[in-house]
Structures are given as C-alpha cells and as structure tokens.
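S.K.: Mind looking over this structure? Questions follow.
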C-alpha cells in the first residue's frame, strides 16, 4: 500500500513538472528544449566572462609561443578575446579531466572548446524552443526557420571550419580583434571575397537592411492619424486593435510611382515573407560558403588571366587582391612556418649553370 502511494505521488510530481515545463502561461516559456538550453548557455556565458577577464595566455599555434587574450593579462575590450584551443590539441575532445592539470588545460586553450560546444548546443536548443513555443500556441514554424540562419553561421565558423582545417585553433576567436583577425586570415587562405556564396550573403545582409529601412519608412510615412497635430502619431495606436494602423494602398501607390508599379507589394503577407526570406537565404548561403571553404573549395582564382600578344601579364583587380592575400598570409602565424602555404608549394627554380 505504501509503495502504491509513493508511486502515485512520484507520478503526480512528474506530471506537474511536465505541465510546468510545457506551460505557455509562464512568464518565460521553458519547454523541453529549454531544459537543455538553460544550463548550456549559462555554462558558456559564465566561462566566457571568467576567461575573458582572467584566463592566462594560450599556446594557440602549438609552438610554445602563448598569446594573451584576457583583461588581466594586458588586453582591453577591443583587443581581448578567448583564444582558440591549441593546435597541439587539434580536434580532440578536451574537457578539464583530459588534462594533467588545470594549468595545462588553460595553457592549451581548453576554455575555448568548452564555451563553443556549450554555446552551439545552447543556440540550437533555443531554435528548437522557438519551434516548440510556436507549436504550443498554434503558430506557424517560420520563426525557428529564420533563426536557423545565424545558427548555421555560428556552426560554420565555430565547428565546421575547424573540422575542415583539422584543428580548433583555426576557429574564430571570441573577441572583437580576434574576429577581424579571423576574417583577414580567411580571406588570405580562401579568397572568400571572390566566392559567389559570400557575394550572395553580402546581398542578403545589405539588401535586408535596405528593405527593412524602406518598409519601416513607408509604414511610418503612411500611418492613419488617430491623434491631433499636437500629439505624436504613435499615440494613436492601441495594442491589439483590429483596424489597420497604416494605409498600405497609399504606401503601394507612393512606391509604385517612385520606381514602377510592380516593384511594390500589394499583399502585406507576401511583403513580410520577402522581408524575412531575403536575409535568411543570404546568410544560409554564407554559412554554406564557409562550410565549403573549410575543406578548401575556395573562391574564384582569376590571377594572371589577362595577357597581351607577347604573353606578358596585364594585371587586373584579381591580381591586386591576390597580392594582398599573399601579404596577409605572410603576416599571420609568422613563427609557425617559414613561408605561407602558397609560396612553399611552388617548385624550386634551378639557378645552377
């Protein structure tokens, strides 16, 4: 009898827990994805803050030349970063208990791998939580689909690229200057500016900014005034009102005359789908581009593609970019190897008699 009562109480507790986790009445929705999201993001955030402030220098290139990244070791907010895990570790899973000591773990950049893996798991669960809440509220699933673009981008630079290059030391450092360093080195080694998927990403981000500004300014300029001239037009809106808050016909007419008729949407739903889909598709392509360049399927190479009748090279902008790439490659990891890979791969020229 006692065992039956205990089982019933246990079942009731589990049932109440499930109801609380999946309740849409909570101030913040938790959800089953949230059960995993909360501890992983808290872990990533906590370790990031501690390491950004106090982590000792990291031997990123595996050549016994540690690089300082934390505030207490001479950096500021701009130059500081979480230094990627050492090339000596490569792609090995490197939790604290795999190192001989905490000092060794810190020296080899263990915090970077810990932060990145927890962060990626956390943001993936955040995306799942968006879908879960949409499902419980009877909404369509496109919020999570849109969020998949930045999730894909983060996964590309923090996980796919290191896998393709063979080491977490090639991942993007977690800091402002570190991000710029990653971008410069990426251009030097992969010529990303000449990759069509990066071009699509630029069109997506800049185009999305343009379309967002156009839409916002058109709506703001065609509000249906519900207030006097002495009051803000924004005060005329009541949350949850059924009436349209702006005149889409007026906005359509204005924009159609400004450019041409069919450049303007006459369907609000199609318009907002376009506003969401354009930047999302662009960022998807960029993430795909990073993921292909991770395995050295690089940007277009038009070097020395124009020659005169005598076979002499006529430089184009592609050759100027190539010269800049070589310069950037020479500067980075200057003590890890004698020559950048492009120069080292060239066959030696015989100078004998």
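Along the chain as shown, the residues are counted starting at 1.
From the backbone N, Cα and C atoms, a Cβ is placed for every residue, glycine too.
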S.K.: Tell me which of 29-46, 47-64 corresponds to the transmembrane segment entry in Swiss-Prot.
M.R.: 29-46
S.K.: According to Swiss-Prot, which stretch among 97-111, 142-156, 157-171, 172-186 corresponds to the feature transmembrane segment?
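M.R.: That would be 142-156, per the transmembrane segment entry in Swiss-Prot.
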S.K.: Can you check which of 274-288, 289-303, 304-318, 319-333 Swiss-Prot lists as transmembrane segment?
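M.R.: From Swiss-Prot, the annotated transmembrane segment range turns out to be 274-288.
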S.K.: Between 197-218, 219-240, which stretch does Swiss-Prot give the note transmembrane segment?
M.R.: 197-218
S.K.: Measure from the CA atom of residue 190 (site 'Stabilizes free radical intermediate') to the CA atom of residue 170 ([CaMn4O5] cluster binding site) and give the result in Å, rounded to a whole number.
M.R.: 13
S.K.: Between 29-46, 118-133, 142-156, 274-288, who has the most Cβ pairs under 8 Å to the transmembrane segment (197-218)?
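M.R.: The stretch with the most contacts is 274-288.
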S.K.: Relative to the transmembrane segment (142-156), which of 29-46, 118-133, 274-288 accounts for the most Cβ pairs at distances under 8 Å?
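M.R.: Between the candidates 29-46, 118-133, 274-288, the best contact partner of the transmembrane segment (142-156) is 274-288.
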S.K.: Taking a Cβ cut-off under 8 Å, which residues six or more beyond the ends of the transmembrane segment (29-46) line up next to it in the same chain?
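M.R.: The answer is 20-23, 114-116, 118-119, 121-123, 125-126, 128-129, 132-133, 136.
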S.K.: Suppose we draw a 10 Å sphere around the Cβ of residue 333 ([CaMn4O5] cluster binding site). How many other Cβ atoms does it contain, all chains included?
M.R.: 16
